[in-house]
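Marked as substrate binding site by TrEMBL: TRP59, TYR151, LYS275, GLY309, ARG400. Annotated pyridoxal 5'-phosphate binding site per TrEMBL: GLY119, SER120, ASP245, HIS310, SER311, in sequence order. If you look up TrEMBL, you'll see LYS275 marked as N6-(pyridoxal phosphate)lysine.
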Amino acid sequence: MQQHSAHSSADLQRRDQQHIWHPFTSLASALPVIPIVEGKGVWLKTAEGRQILDGISSWWVNLHGHAHPHIAGAIAAQAHRLEQVIFAGFTHPAAVALAEQLLPQLPGRQELLFFSDNGSTAVEVALKMALQYWHNRNEPRQTLIALEGAYHGDTFGAMAVGGRGSFNRPFEQHLFDVEFIPFPEAGQEEACLEALRRLVGRGDVAAVIVEPLLQGAGGMRMYPAAVLDELFTIAQTAGVLCIADEVMTGFGRTGSLFACQQLAQRSPDLICLSKGLTGGFMPLGLTACTAAVAQAFRDANPDKTFYHGHSYTANPLACAAALASLELSLSDSCTQQRQAIARSHAAFASEIARHPSVEKVRQCGTILALELVTGESTSYFNARRNQIYQFFLDRDILLRPLGNVVYLMPPLCDLSCRTGAHLQRHPQPRR
Ligand SMILES: *Cc1c(COP(=O)(O)O)cnc(C)c1O
């Protein structure tokens, strides 16, 4: 790796600010972005050589640690063989192998994979498949149901099934109507299920979409598997398709490889995947569906074809990364890592729960969330959020609170990466 001077860091910041518009970032915000030049395990190295612990898996995508050699090697090898090929009328070995190896791991009997390139598109594909499923069967079902407070992405369809608020207010008039049912938090389970029963009773519901077991961007809000099982039962008994948006929960975050594996009775008809899918190396989205969903599209009538596709559908580099990442995810050592992180979260949770600044503590597998007492607004924009973000960053830890909810979602990487020399050192606040 080449050496970067402090000068090049300031230089990058200046040039960045001149030309680049960052996600979820105010153009009026004065905070300079931090140039990162290298990553290893849970560590990100800045242009100045400072090491920052990535406590949120770089927006929930990194799975086995940064720059994992197994995945990096698989991408490099693939790049030398085939970097991209049109996926209509053509295929390639990495896509076929990924489908063969991933489908049996998914909850329920998933028959086919449809490729796209991010979480929002995986959701768009699932919504369009569900609506066209009913169209192809000549049954007039148009209504979509989602949970209040949901987050399914930033494209229009994904925004429409997401909770309405500041993030999508400018577009509200352009979002199609969706029926929202209460989030099944403790004490509200029956209200949620009753609202669902009422809606599916109308006979016009096409599909219900949920983030299984926990809403991520909505504040790491969790609900029990038994409630989700009941929710799917109510929907599927009425013929309604169930879409599990496992974009965040997939690949071990909730303890099991997929959140829906924790259900005792039901499984989704459609599953959306992205984020951890490639270990956080390449953008890739997947929508899996059951044979029953696919059946509605097996028709020679061209009106019943699913006309959807992206230029980079099933990009070979992304598929190679996903295959390598899946291999790691299925290894004993990764399972042990997940268990070790869950145990360490549980121990910390029981300790920190007594802290006077902590209102609530929640854990789901490798995700730990602390709801802090704020005394003021708990919205995403409250001032404490920025203070907390800066507090940890000053101590070389990257956390990105959702309003007053501070959460940990570390990469599930090898212990040797997590207990390196840097962890032993007591981080000093930087001024
Ligand atoms: C992040 C996220 C998405 C959107 O994925 P992008 O790749 O950011 O478009 C969709 N659903 C859930 C549950 C997510 O957490």
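For all residues, glycine too, the Cβ spot is worked out from N, Cα and C.
Where TrEMBL records a feature, it is marked here on the structure.
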| residue | record | Cβ neighbours (10 Å) |
| --- | --- | --- |
| TRP59 | substrate binding site | 14 |
| GLY119 | pyridoxal 5'-phosphate binding site | 30 |
| SER120 | pyridoxal 5'-phosphate binding site | 22 |
| TYR151 | substrate binding site | 24 |
| ASP245 | pyridoxal 5'-phosphate binding site | 31 |
| LYS275 | substrate binding site | 28 |
| GLY309 | substrate binding site | 15 |
| HIS310 | pyridoxal 5'-phosphate binding site | 16 |
| SER311 | pyridoxal 5'-phosphate binding site | 9 |
| ARG400 | substrate binding site | 18 |
Proximal residue to LYS275 (substrate binding site) among binding-site residues GLY119, ASP245, SER311 (C-alpha distance): GLY119
In three-state DSSP terms, the structure that TRP59 (substrate binding site) belongs to: helix
Among GLY119, SER120, ASP245, HIS310, the binding-site residues whose C-beta sits under 6 Å from ligand 1: GLY119, SER120, ASP245
Between ASP245 (pyridoxal 5'-phosphate binding site) and TYR151 (substrate binding site): CA-CA distance (Å): 9
Cα-nearest neighbour of ASP245 (pyridoxal 5'-phosphate binding site) within the listed binding-site residues, TRP59, GLY309, ARG400: TRP59
Where the record names GLY119, SER120, ASP245, HIS310, SER311 as binding pyridoxal 5'-phosphate, the maximum Cα to Cα distance in Å: 23
